[in-house]
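Below you'll find the structure, written out as structure tokens, and then a few comments.
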Amino acid sequence: MLRRSNPPPKAELKLEQLADLDVETPLRQGERGEDSSAEDIIAGEKILDPEAERIDSPGEAPDVPERGAARAPPVNSGYLPLPWRGRLGYACLNTYLRSAKTPVFCSRTCRMASIIDHRYPLSDPSRPEHSVKNRPDKSKEPSLERGLKSVQDLGLANARDIVRMLRWNGKHGIKFMRLSSEMFPFASHREHGYKLAPFASEVLAEAGRVAAELGHRLTTHPGQFTQLGSPRKEVVDAAVRDLEYHDEMLSLLRLPEQQDRDAVMVLHMGGVFGDKAATLDRFRANYAKLSPSVRARLVLENDDVGWSVHDLLPVCEELNIPLVLDYHHHNIVFDSTQCREGTLDICRPELQARIAATWTRKRIKQKMHYSEPCPGAVTPRDRRKHSARVMTLPPCPPDMDLMIEAKDKEQAVFELMRTFKLPGFERINDMIPNEREDEPRPAPKVPKRKQKPAASLKRKRAPDEDPVELNNVGSGTDDREQPVDTGREVSDEDYAMGGPDGRVYWPPGREDWLKPAKRGARTPRLADIERIKKRR
């Protein structure tokens, strides 16, 4: 039963407060129709105003709960793509591998100041670098090559970890992953940029060989500042350099023909800049100047700021560019004259056929994106934030390559596998909090002196009594039968792979299971997570 109460002032109404708010959000008179329920107001992720004015950047969005609460309820399809035959993927980071004692991830980076500092030799070149004891000596002669090598070494470390991530994915039933754009830091920078060949050719080719062996699809997603429709020449030049970098990285994987064709680069149109028609004209002109290799990989995605599916589909059909349908973005930005919020209208057969045709014309396997807003999100700005996990599958074809964009990364994929009993779910077991059987453990130190039994337990030894047994009185153990803990050795192939029991899944809200929490840290309770789920 809902009760009325005065909420905190708007300036103090945070996302966490909205998630736990058990009150009806007050609205101005006449903003809510008679059919709107209190549940619709609290579950703000289901509300969207089709008449809302589109904007160029998230910072210009009026961040008021009333605007979000005034949106009409979404109209969703009840279809579930089961039995599932497609591939579920996650983006860039694996939470389980990232929290290993020797972390495995592909986004090590640095600051430009670090590149400049590393142009100078170390104080003692014979010893490894140390942040205090062995730093670059700026009194010596700098070298551009030395600074470049330092950032390239970071990129090589990132690229080497692709193989372990691929094998981890293959063991646990995942065959779709987005590579991090930060794989090679500053590779597309105007001053500090560099080509990946030849220094990274061998490492990337090995990653591609493993991806081909496992049937893994790899894609990339250049960042939000990569905009070909910008009116600023310097922005367009930087976008072209960034696309060339992503294309070189994917090309050096040396994937088989179809896998290489499926290795696409997903791009947003970017800002509207006050005139959509003029922005599209600039995009057409700049797209024509791209290299054939970049054009072959480039695909467009509808976004959650200014460009809807109906805005992009005509230009995709005109320029022969595949269109990625993002269901979450569609629920925030859509053409209200063509469809309603929700999955029902966007999944009309004639519209889906047009989107699919943009892929089949280039013989590329179609992919879609799916995510959900955070629980309790009401305003347009808050609704853009992805939830930790998703609760359902969208009404896509059952053989779709579906990228799950959620904060918990691979765990969000596991959640869907467990919820819908997808292939391989039975191999995924819950982690034991803070215990990982797939990491080496040193043997405990043997105490120097054996602990003596308590004085009160000492007694005189009978003539026929074993003195060893007498010494064990009060200890509760028998040294002759006590197993010796020799530690645990884990081979390089088995490191961080989940161990024999496949314990790689952690429940929603229990990220503290990955590693011991710091003293005084607060972690969400499972009861809170379940309560939010019930509201949805």
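Glycine too: its Cβ is placed from the backbone N, Cα and C atoms.
Annotations in TrEMBL come from automatic prediction, not curation.
For reference, TrEMBL has these:
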| type | residues | note |
| --- | --- | --- |
| COMPBIAS | 1-10 | compositional bias 'Pro residues' |
| REGION | 1-76 | region 'Disordered' |
| COMPBIAS | 46-57 | compositional bias 'Basic and acidic residues' |
| REGION | 121-147 | region 'Disordered' |
| REGION | 371-394 | region 'Disordered' |
| COMPBIAS | 431-442 | compositional bias 'Basic and acidic residues' |
| REGION | 431-536 | region 'Disordered' |
| COMPBIAS | 446-461 | compositional bias 'Basic residues' |
| COMPBIAS | 477-490 | compositional bias 'Basic and acidic residues' |
| COMPBIAS | 525-536 | compositional bias 'Basic and acidic residues' |
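Secondary structure counts, DSSP: the compositional bias 'Basic and acidic residues' (431-442) has 0 helix, 3 strand, 9 coil.
Residue counts for the region 'Disordered' (121-147) under DSSP (helix as H, G, I; strand as E, B; rest coil) come to 4 helix, 4 strand, 19 coil. Broken down with DSSP, the region 'Disordered' (371-394) shows 4 helix, 2 strand, 18 coil.
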